[in-house]
Amino acid sequence: MMKKSATTSSACNGCPAHSGNKLRRMGTDAERYDFTIALAGNPNTGKSTVFNALTGLKQHTGNWPGKTVEKAEGAFSYAGSSYKIVDLPGTYSLLSTSEDEEIARDFILFGKPDVTLIVADATRLERNMNLILQILEITDRAVLCANLMDEAERNGVEIDLRGLSRRLGIPVVGASARSGEGISDLLSALSEVAQGIYRCTPHRLTSIGTEIDTRIDSLAESIRLFHPDTPNSRWLALRLTEGDRRVENILYADNEAPAEKLKKEVDEFRRNFGEDLHDQLSEALYSDAGKICQEVITQANKRGRTPLDIKIDRIVTSRKWGFPIMLLMLALVLWITIVGSNYPSQWLSDSLVGILHPLLKTRATGFLPDWLSGFLIDGVYLATAWVVSVMLPPMAIFFPLFTLLEDFGFLPRVAFNLDELFRRSGAHGKQALTMTMGFGCNAAAIINTRIIDSQRERLIAILTNNFSLCNGRWPTQILLATIFLTPAVPAYLRGVIGIGSVVAIALLGIAFMFFFSWVLSRTLLRGQVSTFNLELPPYRPPQFWQTIYKSIVDRTLVVLWRAVVFAAPAGALIWLTCNIQIGGVGIAEYLIDLLDGPGWLMGLNGVILLAYVLAIPANEIVIPTILMLTVLTTGIDGGTGAGVMFEADGTAETARLFEAGGWTMLTGINLMLFCLLHNPCSTTLFNIYKETGSRKWTLLAALIPLATGFVVTVAVAFVWRLVGG
């Protein structure tokens with residue numbers, strides 16, 4: 001039970017008026033609503049958990065900063081009124097100009113929500129207070145949810161919520177959103193503020209100085225005079241004095257007298273009180289935050305963390321053990337993924353390719369023309385079936401494991417360990433987080449680069465993320481390591497060599513990411529490395545089954561659907577290139593002959609290069625395409641027709657086909673390298689263009705890894721042939 005000083009519970013909370021049965025979760029049905037709620041707060045405070053508890057949606061939550069990178073909307077109804085709730089990106093401040101901070105600030109300021117629900121971490125309220133006070137400078141209608149009250153109690157933190165409410169001038173509710181405790185009180189507070197029953201008198205900065213405060217009020221009055229429809233003129237006045245470009249663009253939209261008068265007032269303010277008010281404003285915020293927290297927080301554990309957390313971090317983030325543990329965890333996740341996905345992948349392949357494909361062909365005979373049957377069943381269907389059978393089982397294992405590590409709190413420690421390396425390479429420390437996301441899916445990681453404040457450093461993260469070996473490329477690496485590397489060692493070492501070689505490829509990708517971040521930061525994207533706060537969240541036991549469900553639904557199936565959308569037309573294209581002939585020779589054979597020259601230079605062949613061209617929509621269909629093209633060019637037994645992708649019966653049969661195609665150990669090793677170092681898939685390229693809005697940066701993101709792959713494979717092939725004769 002929570003201590004009385006750390007909860008808002010009262011004797012009446014059990015009555016119907018305060019029970020949660022008035023809540024009706026409406027998911028995304030927000031077309032008609034009476035009130036709008038902005039959901040704001042620091043990263044990793046449980047905002048998304050509160051959002052899910054109110055709306056019934058399943059937005060992904062994780063135990064690390066930066067999970068929400070854009071606005072998510074949901075709806076609920078309570079006590080006869082309907083509400084739209086907008087989950088804003090988590091941010092530590094509203095005073096700078098990163099994308100997530102601008103989204104949050106602009107919605108609270110210009111979106112005019114009826115209530116701003118601020119979610120704070122009760123175990124670290126003093127760290128959250130800075131943002132709370134900034135939000136209260138913007139809006140007059142807010143509710144504070146002190147979340148994670150159960151953890152606060154375990155850590156010996158007691159909060160006088162009534163005293164905090166008096167000091168802030170807004171309702172304050174204690175809650176534990178994961179268990180649903182306090183949600184009914186939160187709903188009641190939101191309803192009262194939205195309907196005007198509770199009149200907020202929000203805290204205003206008191207440590208900024210009387211003279212500055214008077215001048216700010218005078219400038220705010222001028223803004224109200226010239227722009228009467230603009231919300232919160234005081235906050236806009238503060239931002240004008242700091243030179244906020246977006247606010248200047250809004251208020252200086254014309255060059256007429258009002259704009260000139262405002263500019264003169266701002267210039268006079270800066271002459272009297274300095275060019276930069278930022279330091280003084282920050283000092284005032286920290287001063288007020290410190291005074292408030294000192295009054296309302298009693299903390300038995302002054303460090304705010306359990307001794308066990310501290311002991312674990314001394315090992316996990318140490319210089320001696322941090323990297324070995326990180327590599328061990330990566331190897332363990334890979335091993336579980338590899339071993340666990342073998343049988344499900346085989347079962348799906350047997351079902352979708354071995355049973356359903358021939359059945360569809362039989363049913364189509366006499367019903368569809370041969371060319372249409374081949375196009376739809378051998379092309380579109382078979383490519384889609386391959387993507388599902390090869391991609392679904394590893395993702396269904398990898399993503400839940402990845403998410404469990406998120407929820408436990410391990411991934412921020414990985415970012416902490418890698419931060420210094422990224423800083424030295426001229427990149428932002430948060431790139432460590434997007435790099436880790438890239439191991440699951442590069443396309444998703446590109447979107448999550450929004451957590452990086454600096455546009456320059458965000459571009460570096462986008463341009464180099466493809467060096468993270470994504471989930472779609474793991475099966476190819478594993479197959480090649482099994483066929484070409486493990487047979488050269490004793491049987492008892494084969495598992496270690498197989499896993500070790502794949503981990504080595506992944507580490508090589510990280511090394512290239514550091515290298516190109518360093519190059520870009522000193523050439524095309526010069527600039528100073530930004531500083532940032534990386535908060536190490538407490539270790540939390542994951543909600544196991546809920547995490548499994550969410551990771552499969554929100555990640556695995558979403559990524560799989562995107563891959564299928566691109567794989568289906570790719571299958572059609574592959575079938576067409578193999579079956580359309582010119583002068584009695586298929587287009588595919590012409591292209592293979594054309595690519596054999598550069599393929600030989602790279603230690604590969606024309607079949608492999610054409611497979612990568614045709615399989616650009618999805619990395620998962622590279623190996624089936626290679627096998628199909630190998631059968632087409634060699635004329636050996638295998639497959640069921642031109643342009644029909646298939647899988648050999650086991651690695652031994654696959655090895656036989658590779659050998660028939662003229663493959664050597666050099667081919668296998670260089671294909672492992674090229675699998676890492678080639679252009680992003682079409683889904684990732686689409687996301688890059690969407691995030692950058694630039695064809696130039698999208699093209700560069702494709703050329704950097706592709707050119708690197710060409711140079712590396714040519715160099716390896718040259719040395720190999722030189723040494724081997």
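From the backbone N, Cα and C atoms, a Cβ is placed for every residue, glycine too.
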As Swiss-Prot has it, transmembrane segment corresponds, among 187-207, 355-375, 439-459, 628-648, to residues 628-648
Between the ranges 132-152, 657-677, Swiss-Prot assigns transmembrane segment to 657-677
For the domain 'FeoB-type G' (34-196), the averaged pLDDT of the predicted model is 85
Spacing of the two Cα atoms, Leu148 (GTP binding site) and Asp87 (GTP 3 binding site), in whole angstrom, works out to 18
Other same-chain positions with a Cβ less than 8 Å from the transmembrane segment (657-677) and lying at least 6 residues past its termini are 467, 469, 473, 476-477, 480-481, 483-485, 501, 505, 508-509, 512, 602-605, 607-608, 612, 619, 622, 627, 630-631, 633-634, 636, 638, 648, 705-706, 708-709, 712-713, 716-717, 720-721
Contact set of the transmembrane segment (321-341) with the rest of its chain, CB cutoff 8 A exclusive, min separation 6+ beyond the ends, reads 315, 393-394, 396-398, 401-402, 405, 410, 413-414, 417, 474, 478, 499-500, 502-503, 506-507
Rounded Cα distance in angstrom between Asn42 (GTP 1 binding site) and Asp87 (GTP 3 binding site) is 12
Same-chain residues at least 6 positions away from Asn147 (GTP binding site) with a Cβ under 8 Å from its Cβ, in sequence order, are Thr45, Gly46, Thr49, Val50, Val119, Ala120, Asp121, Ala122, Ala175, Ser176, Ala177
Near the transmembrane segment (473-493) in space but 6 or more residues beyond its ends, with Cβ under 8 Å, are 334, 337-338, 345, 390-391, 394, 398, 501-502, 505, 619-620, 622-623, 651, 654-655, 658, 665, 667-669, 671-672, 675-676
Span of the recorded GTP site, as the biggest CA-CA distance among Asn147, Leu148, Met149, Asp150, Ser176, Ala177, Arg178 in Å, is 11
